[in-house]
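Engineer: Have a look at the structure that comes next, please.
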Amino acid sequence: MSHASMPGVSSPQIGRETTRATRQNAALQTKEPAVCPTDDEAQVPRKPAKNKRSLDYVWRSGVAGGLAGCAAKTVVAPLDRVKILFQSHNPQFIKYTGSWRGVLEAMKAIYRQDGPTGLFRGHSATLLRIFPYAAIKFLAYEQIRAVVIPTKEHETPFRRLISGSLAGVTSVFFTYPLEVMRVRLAFETKKDSRSSLRSICKQIYNEQPKPRAVTGAVGETLPVVPPRHGLTNFYRGFSPTLLGMLPYAGMSFLTHDTVGDILRHPKLAKWTTLPQPDNAPAGKAVPLRSWAELFAGGVAGLVSQTASYPLEVIRRRMQVGGAVGDGHRLRIGETAGIIMRERGLRGFFVGLTIGYAKVVPMVAASFYTYERLKTWFGI
């Protein structure tokens, strides 16, 4: 029986149904399969973009950043101990500076004197400092970036640099006293005079140089008010830290994001990226493979360390100013002059080799852990 002879069905209606069925079949035949499951938006609906100012985003990004910082610092803790001893010109370790062999010999000397725990001297203070430091840094970067770079059209290298620099300054302001305590613990090398965290705090707080006198214009001796002490002692070396943090944090975030963009280029994405996770919010860049993420972080560490290292050396010398000499509070220019007289320009790059060996894997591990935790948290 033909369709035309079926009772209750008109010819125009049959024609419309036939046309609709033909179009559906053609669409199914011509539709290209997705390259990967995440390319088919109909199969994997995307979550809406996260509000970066929401409490949920804030705590997730903060925890991710703090854990990333702790993981990175634990990886390089032994090298960090040796680097501080080199930078601060510790009398017992001057002979080891200048070569990789010296680094190994210094680590052996620490191991012989204090055992394995000696290589992690001051690490507890490091973790106490690094968790809030890294949490604030990554959290501040996300928040500042959202303001400075509200849309893709506003994303420029300069805006990325400013966002990273301001994030670094914000984090160091709140956590700098813990950094001073960590350096002072790591600076100690005498086995019979180990200080606890509490005793180091009291020692730093009470440090005060002996009052000195100067001769007036007519020969009389005038009393000199000693430099400030107390809480201000916990901010020894703060000025060069701020100056050093501007290029360090700025170049770190800028380089990481720029290298990440290059690795996500369509010509490289096949080898460098992973499929977008199902829980990824809209607009989030596809994650990099492990080796690519570590590479981006390593390059960021190399560039940022080179840009900020001279100021880091000055900062270390200022931080241990109360542990050597008469406790005189050194200024940036005064500290730089001392370093120049001791070793010339090379003095500003003492320990740079070990600095590379420490910072490159540390920054790589930090960014890798942070990005993976962000993916796990769905932000």
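Each Cβ is built from the backbone N, Cα and C atoms, and glycine gets one as well.
Computed from a predicted structure; not experimentally measured.
TrEMBL lists these features:
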type     : residues : note
REGION   : 1-49     : region 'Disordered'
REPEAT   : 56-147   : repeat 'Solcar'
REPEAT   : 155-262  : repeat 'Solcar'
REPEAT   : 288-376  : repeat 'Solcar'
TRANSMEM : 348-370  : transmembrane segment
Engineer: Please count the residues of the repeat 'Solcar' (288-376) that DSSP assigns to helix (H, G, I), strand (E, B) and coil.
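Structural biologist: Per-class counts: 73 helix, 1 strand, 15 coil.
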Engineer: Calculate the per-residue pLDDT averaged over the repeat 'Solcar' (288-376) and state the result as an integer.
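Structural biologist: Mean pLDDT, the repeat 'Solcar' (288-376): 86.
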Engineer: Taking DSSP states H, G and I as helix and E and B as strand, how many residues of the repeat 'Solcar' (56-147) are helix, strand and coil?
Structural biologist: 82 helix, 0 strand, 10 coil
